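Supplied in structure tokens, the structure appears directly below.
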Amino acid sequence: MTDFPPLVIDYHGSRLAGVDEVGRGPLVGAVVAAAVILDPARPIEGLADSKTLSEKRRLALADAIREQAAACAVAEASAEEIDALNIFHATHLAMRRAIDALPVTAEYLLVDGNRMPGHHVPGQCVVKGDRRHAAIGAASILAKVTRDAQMVALHERHPEYGFARHKGYPTREHLAALERLGPLEEHRRSFAPVKQWQLL
């Protein structure tokens, strides 16, 4: 059962790409976007909003998406680009990059959220789209698995910040590490909690 009205899509072809992002809220690292065109002949069971799935389930589904989707791509906008553009515009840049990186050209986009990313391919926004359409759910999963792996890699280089645990979000642990150690090169300088602890 869902609280959402039925999703009406103005496209009935086979090149519909779901688009989603992960990483707008963290204080460190890139914002990551993914675009996925599912193959109706190879359905993937269990696609949902990545935040509702266990890490083990997300990893298994990410493998299935890469193997069974008609096309998929992941892209990002760096912390430097976030600082230069702001997080809103950087998120849309990452989305456009993911759409452009698809090995099969999308004909229609379903984008999670309430703003289109400014791509020339037509489409529509879907609020809570990762819960309402499988292609957006698949994009959410790929983006989160990719970004989480980046945070684990950053944790291995800087374990004192705890990135593997909080994934860069402004948790008490992360804020305490910032206060104690200061920001890393990978931190987003334009975000207030980071700006506060930068050395002048």
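Keep in mind that glycine also has a Cβ here, set from the backbone N, Cα and C atoms.
Swiss-Prot lists these features:
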DOMAIN    14-200  domain 'RNase H type-2'
BINDING   Asp20, Glu21, Asp112  divalent metal cation binding site
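Burial and contacts for the listed features, if you can.
The Cβ neighbour count for Asp112 (divalent metal cation binding site), using a 10 Å radius over every protein chain in view, is 25.
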So how many other Cβ atoms are close to Asp20 (divalent metal cation binding site), meaning within 10 Å of its Cβ?
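If we count other Cβ atoms within 10 Å of Asp20 (divalent metal cation binding site), we arrive at 31.
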